[in-house]
Protein chains: 2
Amino acid sequence: MNAIAVERGETEPSLLDVPEPTPDEGEALLRTLRVGIDGTDFEVLDGNHGGFPAGDEYQILGHEAVCAVADPNGTDLTEGELVVPTVRRPAEGSREFFDRGEPDMAPPGTYRERGIEGAHGFMAEFVTTPAEFLVPIPDAFAETGVLIEPMSNTVKALELAFASRSLFEWEPERALVLGNGPLGLLTLAMLQPTVERSYCLGRRDRPDPTIDIIEEFGATYVDSRTTPVSDIADIHEPMDLVYEATGHAKHAYDTIDVLAPNGVGVLLGIPTEWTFDIDGGCLHRELVLGNKALLGSVNSNIRHFETAKESLESLPDWVLERIITDVYSPTELEAAFDDSPDRIKRVIDFT
Amino acid sequence: MNAIAVERGETEPSLLDVPEPTPDEGEALLRTLRVGIDGTDFEVLDGNHGGFPAGDEYQILGHEAVCAVADPNGTDLTEGELVVPTVRRPAEGSREFFDRGEPDMAPPGTYRERGIEGAHGFMAEFVTTPAEFLVPIPDAFAETGVLIEPMSNTVKALELAFASRSLFEWEPERALVLGNGPLGLLTLAMLQPTVERSYCLGRRDRPDPTIDIIEEFGATYVDSRTTPVSDIADIHEPMDLVYEATGHAKHAYDTIDVLAPNGVGVLLGIPTEWTFDIDGGCLHRELVLGNKALLGSVNSNIRHFETAKESLESLPDWVLERIITDVYSPTELEAAFDDSPDRIKRVIDFT
């Protein structure tokens, strides 16, 4: 069958002919419909994540998928039913966090991640997955369901943010999203019912489709080339909530300055080493005197996928149409993985 | 009456003769029994906090007090009843956070702090305070009740820490307290029923009374001169909970490295400006991939004082006896404010 993978030693994806997988007991055989491409896929191509699946000379990419059940194989699933698979799987002998439904909280080393680290992803005509890691979705989400996985990460991050502020009265009015990629834009969309004013940071010139979407929400586009993050509180206003999805490490520390008293910044980017100066005294003081919080958040669990499914249902059609900008067949690999700025969410369609 | 205050332009406390205060409507007149000295008093002496009370050439110190009601003045209090006053008072026209019982969450500029910023403290023979800012305590706490205010800050900080981890299974087994001052030692004591193993950081040579207390708890003393905070996870173990009470800004960032996955660091120190290098990329990555949290926490509200009162009741007698090491009369100012390492909590006794 066709699969999009990175071969050992390569940094570009290839279309490979690989054996069709056979489901083990408890696993369903799935026919892949669509798989989204995101920043993590490029990190995998660059070798910034963990190892390849044991014994294999290639890693199949893709962790944002919508599939149809091809063979329930004795599970409770129904042939033809649509599902979204979660990403993490237990490493050998490490089921503790999975058994309690919290694979997203499992410590590094105790899990593998489909399409990212130590396990093949979903960019293949067929995949197998234990039924416990599948979230059934309505047929209406066949085309847009690829957004459920990224949205589930935001659901979890925002849940953590709200929990950290749950002991006092806290109703965020102003939110800043750092990053205007697909995850940033989806988060901006998800925040609209909650906050009164929102801002989204990018580094793009107009005309630009992401700026158009930001402004269609009534949100304010902030160009990081002219407005450094540390100046946003003065130039615009302090923020109750900051969501970081850039992986630009300085943003994590600048977030402390942008936050209003009692605010929370939630970080999702995964940068590599970078040493720089900070006024660590002032930032520490700000955190304390302002009762501020900085939270890291990674991955998500089934409950977050379920909430993301509801959240996807409530997004306006125009958002979905304008975020999923490009759909490619597996043979159009080069175009699909070409990172030009006029495209937002790119999707591989296997049907 | 006698009052211990810092006069404008000075950095040492003086014993002044000041007019006895007259209670306004809703205020009780209190006779001060004991007032604790802590690091914040030295910061006030150094001019690191806000301004003096409007129109005065001196600031009366002290924010950790036990008082007896001298004149209820029409409030619900009873003459002779013991009380602990809270610290924050509303600034002109800023009652919002006070009205909802959350003065500790009030933004800078909307409050004054007794003995710290813009309002006289409790180091005087008599003080007045609105009844709403008084926490009645049992007579048995006449001598130890000065610990309720500092303990209330820990109650709040730990509440915030637990709330931030409340959406997943989290039972901290290992805690590290940064700082072996009175607040650090009290926090170490308060954590004993919760965690299995605890550590406390200081920079003292043996024999030292704080190290003796740490080890009496069965906790491990960590000397920051030989074991930098960033090495603690490797040399000892990663920590589920880190409580910072040093005001040493580098500790805030090193905390991220010390934390185990899903751990939380809570910061209470209030450093001044200090620019230094950090590997901001790795720390940001650690926060995210480890689902870690860093929280600032300042001040506390009546509810935290009530919990601190219960917590004080549950502390072993030996802890209280060995933490309150020195009791001085107001005329022994110089000795009381001399910062020698063999003394832990020093208290001024006005009776």
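Cβ coordinates are placed from backbone N, Cα and C, and glycine is handled just like the others.
Any TrEMBL annotation is an automated prediction that lacks curation.
Summary of the site annotation: TrEMBL records substrate binding at A:Glu113, A:Glu149, A:Asn153, A:Asn299. Screening the candidates A:Thr40, A:Thr220, A:Thr226, A:Thr227 against this entry identifies A:Thr40 as the one listed for that site.
Applying DSSP to the domain 'Alcohol dehydrogenase-like N-terminal' (A:25-139) sorts its residues as follows: 18 helix, 46 strand, 51 coil.
Counting every protein chain shown, 23 other Cβ atoms lie within 10 Å of the Cβ of A:Val298 (NADP(+) binding site). Take the CB of A:Ile270 (NADP(+) binding site) and look out to 10 A: across all protein chains shown you find 20 other CB atoms. Contact annotation for chain B: of the listed binding-site residues (A:Glu113, A:Glu149, A:Pro182, A:Ile270), A:Ile270 place their CB atoms under 8 A from a CB atom of that chain. Within the group of binding-site residues (A:Glu113, A:Glu149), the Cβ with the highest number of other Cβ atoms inside 10 Å belongs to A:Glu149. Checking each of the binding-site residues (A:Thr40, A:Glu113, A:Glu149, A:Asn153, A:Asn299) against A:Leu268 (NADP(+) binding site), the C-alpha distance stays within 10 Å for A:Asn153, A:Asn299.
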